[in-house]
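S.K.: One structure is given below, represented as structure tokens, and several questions about it will come after.
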Amino acid sequence: MEAFTTHTGTAVPLRRSNVDTDQIIPAVWLKQVSRTGFEKGLFAAWREDPSFVLNDPAYAGGTVLVSGPDFGTGSSREHAVWALQQYGFRVVIAARFGDIFRNNSTKMGLLPVVLPGDKVEALQAAVEADPTLQVTVDLEGREVRWADETVPFEIDDYTRWRLLEGLDDIGLTLRHADDIAAYENGRQPWLPTTV
Amino acid sequence: MGRTLAEKVWEQHVVRRAEGEPDLLYIDLHLIHEVTSPQAFDGLRLAGRGVRRPDLTIATEDHNVPTVLGPISDPVSKTQVETLRKNAAEFGVRLHPMGDAGQGVVHIIGPQFGLTQPGMTIVCGDSHTSTHGAFGAIAFGIGTSEVEHVLATQTLPAYRPKTMAIEVSGELPPGVTAKDLILAIIARIGTGGGQGYIVEYRGEAVRKLSMEGRMTVCNMSIEAGARAGLIAPDETTFAYLEGRPHAPQGELWDQAVEYWKTLRTDDDAVFDKVVEIDASTLTPYVTWGTNPGQGLPLGESVPSPESFSDPVERAAAERALEYMGLTAGTPLREVEVDTVFVGSCTNGRIEDLRAAAEILRGRQVKTRTLIVPGSMLVKLQAEQEGLHEVFRSAGAEWREAGCSMCLGMNPDTLQPGERSASTSNRNFEGRQGKGGRTHLVSPQVAAATAVTGRLTAPADL
């Protein structure tokens with residue numbers, strides 16, 4: 001996983017709520033067996049509308065997506081995270097995220113940042129007023145900064161550490177292979193196997 | 001202090017707990033399908049890792065498969081299905097491919113084989129894994145990185161979600177189903193209402209549900225934002241399980257049942273949140289918008305965006321009405337549909353097909369109507385009961401097992417602007433095909449709607 005410490009870039013305001021993962025990457029894109037090329041499918045249906053924010057040249061090159069609440073609800077497809085990352089986003093800011101999407105993001109190094117709804121709106125308005133606005137997302141300091149605003153955000157210590165170090169979860173878990181083996185020896189005898 | 005059901009099941013599966021870290025949770029069953037697994041198997045190969053417990057893993061083909069006989073014509077889908085076959089063979093995972101008697105929607109086959117049992121932890125790279133919570137299991141959807149993690153370690157690092165009780169008092173009135181109940185719950189708490197929680201569905205109305213009904217309720221927990229939903233096991237659960245191929249037998253059955261009976265929330269346990277619903281006040285529900293929380297009783301009218309005080313909800317309603325091509329104030333019963341879909345992991349079980357058949361018996365459909373069994377075994381059972389003849393006589397299409405029109409990944413899709421009444425779980429924009437418009441309903445309402453061509457409850461016929 002790519003490490004995440006501090007990121008500064010321009011932002012894209014997405015003034016929609018309940019941005020489900022079917023919108024982020026429509027199902028037809030999920031048939032690929034590789035991990036690359038998903039940027040073309042990002043918001044594919046919405047991007048057909050010339051007025052959609054990603055089609056606005058003012059926001060080209062934005063790396064921080066600032067969305068309405070309940071971003072990433074619905075399907076568990078990690079392809080949504082891959083599409084956002086491959087398009088160029090490093091951070092998504094919203095007042096609330098779908099659980100599975102948020103989990104998937106932290107496995108891949110896309111930082112989901114929860115800010116209060118009024119702060120999300122303030123940031124969206126600031127970006128709309130000046131699309132060149134530089135937004136800094138500081139994972140070490142757990143805060144988002146733009147203009148003269150500094151807004152703290154919460155993230156658990158463990159996830160933050162993994163992201164800062166860019167650590168692979170599987171490698172971390174395999175350090176505890178003995179614990180797993182010990183647990184397996186004590187499992188209830190009636191539990192089913194698929195064989 | 002007592003513990004909730006979710007806490008008991010969680011604690012039973014903690015492999016390792018350390019200060020400041022998520023629990024390392026053991027996974028009893030890992031379900032796999034073609035869409036979210038290829039990159040996970042690739043990851044294993046790249047790292048030189050194997051599947052730790054192929055004997056706790058099972059795969060099937062469901063999302064991509066056509067529901068008419070014959071090969072997959074779409075070359076991209078075909079490659080994905082073939083990739084699953086290669087991976088299953090290489091890593092020694094049991095697979096039920098297209099055409100196999102055990103093939104079906106991943107969340108239908110687990111319970112039907114008796115692989116889904118009380119007190120287990122179950123994961124799958126699919127958000128509707130919550131379905132298995134109907135048996136008193138903690139079951140939740142994961143992404144591809146976590147699929148790879150479970151394949152490699154049979155565990156997941158996770159923080160225990162908070163607990164929520166949804167207490168459903170009273171009895172569901174006749175003609176009101178488990179689907180109506182869960183649509184009403186989602187409309188009440190919203191698509192984010194369950195976020196961060198495992199929901200336990202409790203109360204008289206829940207106890208009276210069949211296993212099929214309980215699966216329908218738990219299936220849509222994710223639509224309320226919950227990580228998982230579960231229901232304490234009871235005699236209904238045990239009766240469903242007994243004799244299934246992978247259920248314990250003999251003395252182990254007795255031991256298991258003794259343990260399963262302890263899987264209930266203690267009387268003095270405290271939930272982090274409690275929501276109360278009176279089942280006796282419910283009527284058939286239908287969604288009008290583009291998220292599953294935008295639902296209303298069928299007797300109501302399309303709402304006006306101005307009726308929402310919250311500006312975010314108002315904007316969402318405005319956008320939803322535009323996408324859905326609906327005008328505020330139109331009675332929902334006057335909304336005309338082009339296609340009816342009965343099936344999916346939400347409502348593709350035998351009881352759902354029986355309910356639809358009962359309404360279609362001796363009647364004719366006015367819409368294109370797809371009846372898609374959730375698994376080959378459901379199909380076989382329906383045919384043994386003669387349900388397929390009822391559907392065909394009514395003018396409906398009787399299909400092979402698969403996810404079908406739930407998600408727009410296989411040939412069963414809506415055309416742009418087409419409107420469906422669908423027993424599936426998501427009414428998102430484009431979910432059933434680009435530009436398609438979805439109204440989520442129960443199998444009973446779906447069947448009645450097929451007969452009239454407008455959103456209709458069976459009692460209206």
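Cβ coordinates are placed from backbone N, Cα and C, and glycine is handled just like the others.
So TrEMBL has the following annotated:
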- B:CYS345, B:CYS403, B:CYS406: [4Fe-4S] cluster binding site (BINDING)
- B:413-443: region 'Disordered' (REGION)
S.K.: May I ask which residues of the same chain, at least 6 positions away in sequence, place their Cβ under 8 angstroms from the Cβ of B:CYS406 ([4Fe-4S] cluster binding site)?
M.R.: B:PHE341, B:GLY343, B:SER344, B:CYS345, B:THR346, B:SER422, B:SER424, B:ASN425, B:ARG426, B:ARG431, B:GLN432
S.K.: May I ask which residues of the same chain, at least 6 positions away in sequence, place their Cβ under 8 angstroms from the Cβ of B:CYS403 ([4Fe-4S] cluster binding site)?
M.R.: B:ASP62, B:HIS63, B:VAL65, B:VAL105, B:SER344, B:CYS345, B:MET409, B:ASN410
S.K.: Helix, strand, coil: count each for the residues of the region 'Disordered' (B:413-443), based on DSSP.
M.R.: 1 helix, 8 strand, 22 coil
S.K.: Count the Cβ atoms, other than its own, that fall within 10 Å of the Cβ of B:CYS345 ([4Fe-4S] cluster binding site), considering every protein chain shown.
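M.R.: There are 27 of them.
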S.K.: For the recorded [4Fe-4S] cluster site formed by B:CYS345, B:CYS403, B:CYS406, which further same-chain residues have Cβ atoms within 8 Å of the site's Cβ center?
M.R.: B:ASP62, B:HIS63, B:VAL105, B:HIS107, B:HIS128, B:GLY343, B:SER344, B:THR346, B:GLY348, B:GLY374, B:GLY402, B:SER404, B:LEU407, B:SER424, B:ASN425
